[in-house]
Amino acid sequence: MAANEKTYLSETAKVDQSSVQPFPNSSKIYVEGSRSDIRVPMREISLADTPTDFGGEQNRPVRVYDTSGPYTDPEVQIDLRTGLPDVRSRWINERGDTEALAEKSSLFATQRLNDPALASLRFQHLRTPRRAKSGANVSQMHYARQGIITPEMEYIAIRENMSLQQAREQGVLQEQHAGQAFGAAIPDEITPEFVRSEVARGRAIIPANINHPELEPMIIGRNFLVKINGNIGNSALGSSIEEEVAKLTWGTRWGADTIMDLSTGKNIHETREWIIRNASVPIGTVPIYQALEKVDGIAEDLTWDIFRDTLIEQAEQGVDYFTIHAGVLLRYVPLTAKRVTGIVSRGGSIMAKWCLAHHQENFLYTHFEDICEIMKAYDVSFSLGDGLRPGSIADANDEAQFGELETLGELTKIAWQHDVQTMIEGPGHVPMQMIKENMDKQLRECGEAPFYTLGPLTTDIAPGYDHITSGIGAAMIGWYGCAMLCYVTPKEHLGLPNKDDVKEGIITYKIAAHAADLAKGHPGAQIRDNALSKARFEFRWEDQFNLGLDPDTARAYHDETLPKESAKVAHFCSMCGPKFCSMKITQEVRDYAAEHGTEITPRAPGEAEEVVRMVDVEAEMQKKSDEFRAQGSEIYSKV
């Protein structure tokens, strides 16, 4: 815990200023739905006009999906001590199926609240927790199966459909290659009804706890944009609440669609409260981590009662999805004995140790329906954990991994009987040629429930670069149908990530997710690529920077070679210089063609441009004949 944490939390909590700066040449816009309180945020990037040398035309702004929440809206006053503005309380209250609780249901949460020693750490503006009324189910899946389109579903449809609407407006920029979606059912237009139907059949989830009203609704499913998750959390080795909140705001700025708080150090409860109250994206946790802390790290001392209290504690704080390692069965544990790296999942190893110590079946498995009752009372989504995932490519796709996956498929069907939203976690370390088998088996065993994978890492030889080894696998499995990709930072296997590592991991995974969207043929996915390519050809440097995923780094790299402001309007690039710039030469060819009576006809993407003569060929040939005679009719001449 940082030495100044008492002062920070109780008196002077301030948002990290680097997280609230608007992106260059961008503005926050809101698209309104069928009711005034459905206001969907997007980031609009303004572009310069095409220079007259290139035809001189106006370039429309480009809108991009925005996960940064109110932090990048200059009209919103951010105060971490009071949390983010409420988005969903009115929708939740209108449904009339929840009730405010007079006190917390968790014994542990009550003890923390009544401990005066924690006053300086505690978030001061605690929300009154809500729970489903007796006999009610408040999950988005339950509403969807009743045929109800919730405001959350309409909000998501507007958000996901953004690129398609732009495509209709953008003319030439709407050109897009056909995709290969491997059986996914991506529609031409995403409507609220389509969102409802996907949630109803279990192919998508909307992680949105009723106790997280600050949330801006989003969706995870193979027929929607590929999402990414960023991990934060303290450990026994260090970090403070201040640092974790800063990682949250920093991560969502750069594109994290969800955040998992994996804290295992001190004050887990208080850290999580600060994170949720200041999060506009869904927050996930692994409850077994905190339950283990409650028994001083002794796995065999874990009990169902302790775990149940932990679930309720976190659900009433507003956690949107839980990783539950219910598929680590006693009979699977011996299958890992001959592995190169054994069991590498922290949650998986905890439950394996408990099973062996008691020689009983995993209590998360035997109490699974009890867990479902808790989940549907708060609308917490399952993220069924892959506790037996491979920790090396040598162990990929083995009997232990696939046995657990089959069990997760069985548990998914039970969760769906309770109308509880469910996604499935996946590997891990898998070489490229074995990735598709993972995706195909998951779709088959789990009824197309969303898949959520950690990478996978495609090779084990690059410590310090595992954001790259895993980004390769992430792009591939995203293309094959994975719905959400859990980022990996350069510090994977080496240490706790700092802010810079978080950003690098997120940008790497935004690239992977976007590449997958392009490959699947998601409607409108190519607009941003086309806009940036057009800016590059027209030497609109500022537009190139601003259309990129990381404008700051792009600008900094350009400045290293061409630091002067005049270079930002130069008609050559920093790589080749003025004489060898291929794009400059191409423009000169076009200018020459126009000047000499030829026309270059653009073809479809991937085809060569066609040069059509617009003059009398015989006259031109006669002109060359006259030149030859005038020079003495010599075949060879000295140069």
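Heads up, residue numbers simply count up from 1 along the chain you see.
Cβ coordinates are placed from backbone N, Cα and C, and glycine is handled just like the others.
For 49-71, the entry in Swiss-Prot reads region 'Disordered'. Within the chain carrying the region 'Disordered' (49-71), a Cβ under 8 angstroms from the stretch's Cβ atoms is held by residues 15, 19-20, 28-29, 41-43, 78, 84-85, 159, 162-163, 166, 169-170, 216, 218, 225, 249, 252-253, 255-257, 279-281, 527-528, 531, 534-535, 537-540, 543, 547, 571, 587, all 6 or more beyond its ends.
According to Swiss-Prot, the feature substrate binding site maps to Asn231, Met260, Tyr289, His325, Ser345, Arg346, Gly347, Asp386, Gly387, Leu388, Arg389, Glu425, Tyr452, an assignment based on sequence analysis. In this structure, Ser345 (substrate binding site) belongs to neither helix nor strand by DSSP; it is coil.
For the recorded site, His493 (Zn(2+) binding site), the DSSP three-state label reads coil. His493 (Zn(2+) binding site) is surrounded by 12 other CB atoms, counting those within 10 A of its CB over all protein chains shown. Per Swiss-Prot, Zn(2+) binding site is recorded for His429, His493, and the stated evidence type is sequence analysis.
Per Swiss-Prot, the feature [4Fe-4S] cluster binding site maps to Cys573, Cys576, Cys581; the stated evidence is sequence analysis.
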Under 8 Å by Cβ from Arg389 (substrate binding site), same chain, sequence gap 6 or more: Val344, Ser345, Gly348, Gln401, Glu425, Gly426, Pro427, Gly428, His429, Leu454
Maximal Cα-Cα distance (Å) across residues annotated as binding substrate, namely Asn231, Met260, Tyr289, His325, Ser345, Arg346, Gly347, Asp386, Gly387, Leu388, Arg389, Glu425, Tyr452: 20
Cβ atoms near His429 (Zn(2+) binding site) (within 10 Å, other residues, all chains): 26
Among Gly347, Gly387, the one of these binding-site residues whose Cβ has the fewest neighbouring Cβ atoms within 10 Å: Gly347
Listed in sequence order, residues with CB under 8 A of Tyr452 (substrate binding site) and six or more positions away: Ile220, Asn229, Ser383, Met423, Ile424, Glu425, Gly426, Cys482, Ala483, Met484, Leu485, Cys486
Distance [Cα-Cα, Å, rounded] between Gly347 (substrate binding site) and His493 (Zn(2+) binding site): 16
C-alpha spacing of Asn231 (substrate binding site) relative to His493 (Zn(2+) binding site), in angstrom: 14
Candidate with the highest Cβ count within 10 Å, taken from the binding-site residues Asn231, Ser345: Ser345
Cβ neighbour count (within 10 Å, all chains shown) around Tyr289 (substrate binding site): 19
